[in-house]
Amino acid sequence: MGVRECPARLLLLSLLLLPLGLPVLGAPPHLICDSRVLERYILEAREAENATVGCAEGCSFSENITVPDTKVNFYAWKRMEVQQQAVEVWQGLALLSEAILQGQALLANSSQPSEALQLHVDKAVSGLRSLTSLLRALGAQKGAVPLPDAASSAAPLRTFTVDTLCKLFRIYSNFLRGKLTLYTGEACRRGDR
């Protein structure tokens, strides 16, 4: 095994163990700074979104689910402190995790949940847990604890509701491609870990 093959194998092993929630010894301390890691989760989210685009039966929820607004004002985002970005990303990720879990429960209670749909939801649950762990390693949770004076100036998280699995997966995909990618890129670039 060549020296150059080792990092690639370590990355592959890390990606396989992360969804299991197992610690990856010898893995780079800030694995999320490797763009391939985040790209993997984005790809899964887009696949789930695409799989549910034409779905009619079993894809509507019996109740609305609250999700974070994924729109980004790039001018305002670039002017934000990294800690403010961390707060917004951490709150959005927490709400998105709740929403996916709620969608999973609603899907399980439906009359005939499709195995394919269930697989996409299960992957999303696993992916969000892994991303949460990766963000903790990056220090996002520490940075997301609002300071007393920052709490008063921080805008509340904007939200809205969705009523279908397709819309939920679209939000999931947009959140990963938008705010999460912007935050991790900036935090990794600055070294604010």
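Note: Cβ is positioned from N, Cα and C throughout, glycine not excepted.
Predicted automatically and left uncurated, TrEMBL annotations should be read as such.
What TrEMBL annotates here:
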SIGNAL    1-26  signal peptide
DISULFID  Cys33-Cys188  disulfide bond
DISULFID  Cys55-Cys59  disulfide bond
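In this structure, the C-alpha atom of Cys33 (disulfide bond) lies 34 angstrom from that of Cys59 (disulfide bond). When the Cα atoms are compared, Cys188 (disulfide bond) and Cys55 (disulfide bond) turn out to be 38 Å apart. Cβ crowding, taken as the number of other Cβ atoms within 10 Å, peaks at Cys59 among the disulfide-bonded residues Cys33, Cys55, Cys59, Cys188.
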